[in-house]
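Chemist: Structure below; questions to follow.
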Amino acid sequence: MYVVIEGIDTAGKSTQLDLLQKKFKDAIFTKEPGGTQLGVKLRAMALGGEAKSKIAEMFLFLADRAEHIEEVIKPNINNTIISDRSVISGIAYASQLDIDKLVDLNLIATENILPSHVILLELTPEELKFRLSQKENDSIELRGIDYLINIQNRMKITLEKLNINYIAIDASLKIEEIEKKIEDFLNV
Ligand SMILES: Nc1ncnc2c1ncn2[C@@H]1O[C@H](COP(=O)(O)OP(=O)(O)OP(=O)(O)O)[C@@H](O)[C@H]1O
Ligand SMILES: Cc1cn([C@H]2C[C@H](O)[C@@H](COP(=O)(O)O)O2)c(=O)[nH]c1=O
């Protein structure tokens, strides 16, 4: 299975991935952006704010995704893959473009390969504001609360549009409660 943990910045993805690492010892753990050698360079460019064009930024993430599919997902498609982010973030975060156009571009990048299970961790604006205040914000996080909540809404629209098997979990629940809901969703 190709499992993805999705959510906007600070939603709790890394926290749950650390717990999943203990449970799925044979799984391939990966991420977007930055899950390949090329992806590390693309991540640095995209998150470093080097692209003045939002379209150029989007293509940096698309290139990362295409390389990730080729180098990590396809070779391991018959094993358990657990990824921090995916095409869902890719479509949701490119908020200057129409979702349908983004779906087409991302299906090219992913060769029509989609996650089999997506866990969406959802934050309230209040919880997001608190969590962002607890860390140094990167160029995307600096776009603010309304921008990120809009991204979160676009994630749900994208999941429905792609008809992907997903669960939306309140990210402000206790860490253990979220862990249990994920376990039940993955039937482990
Ligand atoms: N269920 C939770 N309740 C309260 N705080 C949480 C919960 N899960 C994670 N946190 C805290 O929220 C912050 C962000 O968590 P984490 O780094 O796991 O999020 P993330 O989605 O990986 O973030 P990013 O995408 O920005 O890297 C951390 O300080 C973490 O300790
Ligand atoms: C895959 C992907 C990610 N982003 C954004 C989302 C986050 O702000 C960063 C990644 O940070 P993380 O700490 O690794 O979660 O990049 C994006 O804008 N487009 C994408 O396709």
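Backbone N, Cα and C atoms are what each Cβ position is placed from, and that goes for glycine too.
What TrEMBL says about a protein is an automatic prediction, not a curated fact.
Not my notes, these are from TrEMBL:
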BINDING   G7, I8, D9, T10, A11, G12, K13, S14  ATP binding site
Chemist: Within the same chain, and leaving aside G7, I8, D9, T10, A11, G12, K13, S14, name every residue whose CB is within 8 angstroms of the centroid of the CB atoms belonging to the recorded ATP site, in sequence order.
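Modeler: Other same-chain residues with Cβ inside the cutoff are L121, L123, R131, A171.
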Chemist: For the binding-site residues I8, D9, T10, G12, S14, which sit with their CB under 6 angstroms from an atom of ligand 2?
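Modeler: Only D9 qualify.
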Chemist: Could you check the binding-site residues I8, A11 and say which one's CB has the most other CB atoms within 10 Å?
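Modeler: Result of the Cβ crowding comparison: I8.
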Chemist: Counting only other Cβ atoms and using a 10 Å cut-off, which of the binding-site residues T10, S14 scores lowest?
Modeler: S14
Chemist: I need the most crowded of these binding-site residues: G7, G12. Count other C-beta atoms within 10 angstroms of each C-beta and give me the top one.
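Modeler: Of G7, G12, the one with the most crowded Cβ is G7.
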Chemist: CB neighbours of D9 (ATP binding site) within 10 A?
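Modeler: Step by step: centre on the Cβ of D9 (ATP binding site), count other Cβ atoms within 10 Å, giving 19.
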